[in-house]
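Peer 1: Below are the structure tokens for one structure; questions will follow.
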Amino acid sequence: MSNKFTMESPKHLVDDVLFISPTNDGSEEKPTEVTFQEDEGHDASLHNRSHDKKSELATEREIMATTTDDDGIPSPSHPMEKRVLRKMDIYLIPLMGMLYFLSNLDKSNIGNAEVAGLSKDIHLVGTQYNTCVTVFFATYVLFDPIGTNLLKIMGPPLMMSICLTCFGAISLGTAWVKNYAQLIVVRLLLGAFEGMIYPAINMYLSVCYRREQYALRFAFVFSAACLSSSFGGLIAYGCSKISGSLKDWQYIYIVEGCISLGFVPFYAFGLSKNLEDSWFFNKEEKEYISERYKTMNTFDPDEKFEWFQVWQAVKDVKTWASAVALFGIDLTTFGLTVFLPIIITSMGFTNVRAQLMTVPIYFLTAIVFFICAVWSDRIKLRSPFILGACLTTSIGIAIVLGSQVHGVRYFGVYILCMGIYVNAACNCLWLSGNTGNYFKRATALGINLFFGSGSGLVSGQIFVAKDKPRYIKGLSISLAFQVFSIFMTVVQIFLYKRENDKKKAIIDRCNELGEPIPYDERLSDKNPEFKYMY
């Protein structure tokens with residue numbers, strides 16, 4: 001394994017990849033350029049601060065790993081790695097999946113409540129229902145970036161259990177809203193607490209798993225969104241059979257709110273603030289996890305907040321390209337999640353049957369998602385699955401738009417939904433896996449999800465009642481943005497390929513000159529040996 005070091009920047013520049021090196025007076029570090037002296041007989045000065053640390057890590061890696069992958073980190077085939085992964089898969093993934101399941105259940109139940117008579121009973125008129133759908137995303141967007149940082153400050157048990165308690169109680173309380181104003185208030189509150197869940201789960205899993213282990217595990221979690229939509233339809237159907245003094249939509253909120261509150265103890269007592277302190281690991285495994293962090297390119301448990309990392313994410317064009325792509329993707333996802341029962345009702349099905357007709361759609365979506373996740377991790381690629389999912393969704397939208405036959409339109413909904421979760425999840429995984437330090441990744445994901453969730457503000461206004469039964473405007477806008485997301489995904493491929501080519505040029509030049517490959521821990525994904533995934 002090659003030695004690594006940081007370099008001062010001489011006058012002749014041959015590359016523009018940013019690194020950090022100490023100032024001449026020994027003051028606080030500042031960003032400089034990694035460069036190589038072109039003049040013969042002149043050697044660039046070496047700074048051994050990172051060299052010593054990386055040499056220690058190299059020794060640790062040799063001790064810990066029986067085999068290594070291309071990045072020089074312990075392979076998943078390492079016996080201890082397998083033990084740790086197995087326990088995380090058994091204990092953490094179900095908890096994260098259930099949390100996301102409950103979040104989506106309470107987020108999208110307004111669609112089922114509407115089919116069950118919500119607007120009629122609380123006297124919503126005109127576009128008031130659409131406004132109630134939309135305002136949820138106003139606070140959801142604002143609290144998205146907060147979730148990633150609160151996770152680090154408060155720790156998973158406290159942060160996640162508080163959010164679950166609050167949005168469960170709010171969902172339960174929604175059963176007793178009497179008018180438009182009250183529904184607006186509870187939707188705003190619900191958006192605030194649910195907005196922190198998805199980014200927190202994403203960041204937590206990126207701390208626990210290596211990026212090549214990430215997609216399949218996240219598929220289990222993200223598919224919970226698909227299953228929650230199916231389960232929500234079943235709950236709505238069951239609530240329609242209850243004979244009581246309350247309305248069907250009230251029972252939907254009561255049942256789903258109580259389910260969420262019932263799971264709070266599992267998060268308050270089942271998680272630990274630090275992964276290595278988890279109750280299900282033995283002493284040997286806890287020690288291994290502490291050492292394992294040192295071989296992960298994307299997490300340092302001792303990392304402290306610094307504005308430098310925030311700025312690194314903000315000025316990275318790849319952050320914004322991913323965010324804009326997610327806006328187009330989520331515009332369809334959020335729109336369909338809330339309005340699908342209404343769209344199916346417009347195809348001629350009764351309200352009760354429409355609730356049931358959503359169940360097999362989301363079940364198939366979950367299966368497709370799992371298949372894509374397995375192959376995405378296996379071939380270590382993200383972009384082909386985003387492109388394929390966007391194309392599939394576009395074809396489905398075109399079928400629903402182009403036909404007036406109810407059976408054909410219902411078939412188009414199946415095609416449409418097979419892609420809406422794959423492209424959204426892979427987009428976030430792609431950015432997360434290609435972003436290094438914790439706070440840089442937290443900022444990048446915050447920006448990404450701010451744009452993605454912001455699309456909910458638009459989706460709530462493009463599927464309006466006056467456009468029934470075909471919703472031509474809403475579906476046409478969704479189709480246009482899917483095509484736009486395909487374009488932005490291609491842009492990201494170009495950007496990552498260009499960065500990888502620059503890094504390869506640096507490595508080749510170092511090898512040619514017999515020099516160690518430069519490294520700085522503060523710029524993890526900017527380092528030459530960090531290869532971006534496509």
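Each residue, glycine too, has its Cβ placed from N, Cα and C.
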Peer 1: Swiss-Prot tags one of Ser27, Ser50 as phosphoserine; which one?
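Peer 2: Going through Ser27, Ser50 one by one, Swiss-Prot annotates Ser27 as phosphoserine.
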Peer 1: Swiss-Prot annotates one residue of Lys273, Lys283, Lys380, Lys473 as ubiquitin cross-link; which residue is it?
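Peer 2: Among Lys273, Lys283, Lys380, Lys473, the residue Swiss-Prot annotates as ubiquitin cross-link is Lys283.
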Peer 1: Regarding membrane topology, does Swiss-Prot annotate Leu105 and Arg382 with the same topological domain?
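Peer 2: Going by Swiss-Prot, Leu105 and Arg382 are on opposing faces of the membrane.
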Peer 1: Give me the DSSP three-state residue breakdown of the topological domain 'Cytoplasmic' (209-217), ordered helix, strand, coil.
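Peer 2: Each residue of the topological domain 'Cytoplasmic' (209-217) counted once, the result is 7 helix, 0 strand, 2 coil.
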Peer 1: So, does the transmembrane segment (445-465) come close enough to the transmembrane segment (385-405) to give 3+ Cβ pairs below 8 Å, pairs being at least 6 apart in sequence?
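Peer 2: Answer no, regions not in contact.
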Peer 1: The transmembrane segment (251-271) and the transmembrane segment (153-173): do they have three or more Cβ pairs under 8 Å, with pairs 6 or more apart in sequence?
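Peer 2: Taking Cβ pairs at least 6 residues apart, the transmembrane segment (251-271) and the transmembrane segment (153-173) are in contact, with 3 or more under 8 Å.
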Peer 1: Count, for each of 251-271, 411-431, 445-465, the Cβ pairs lying under 8 Å from the transmembrane segment (324-344), and report the range with the highest count.
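Peer 2: Comparing 251-271, 411-431, 445-465: 445-465 has the most Cβ pairs near the transmembrane segment (324-344).
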Peer 1: Report, as numbers and ranges, every residue of the chain located at least six residues beyond the topological domain 'Extracellular' (466-474) whose Cβ falls under 8 Å of a Cβ in that stretch; write 'none' if there are none.
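Peer 2: Distant Cβ neighbours of the topological domain 'Extracellular' (466-474) are 335, 339, 342-343, 346-347, 401, 404, 459.
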Peer 1: When you measure from the Cβ of Lys283 (ubiquitin cross-link), how many other Cβ atoms are you left with inside 10 Å?
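Peer 2: Result for Lys283 (ubiquitin cross-link): 7 neighbouring Cβ atoms inside 10 Å.
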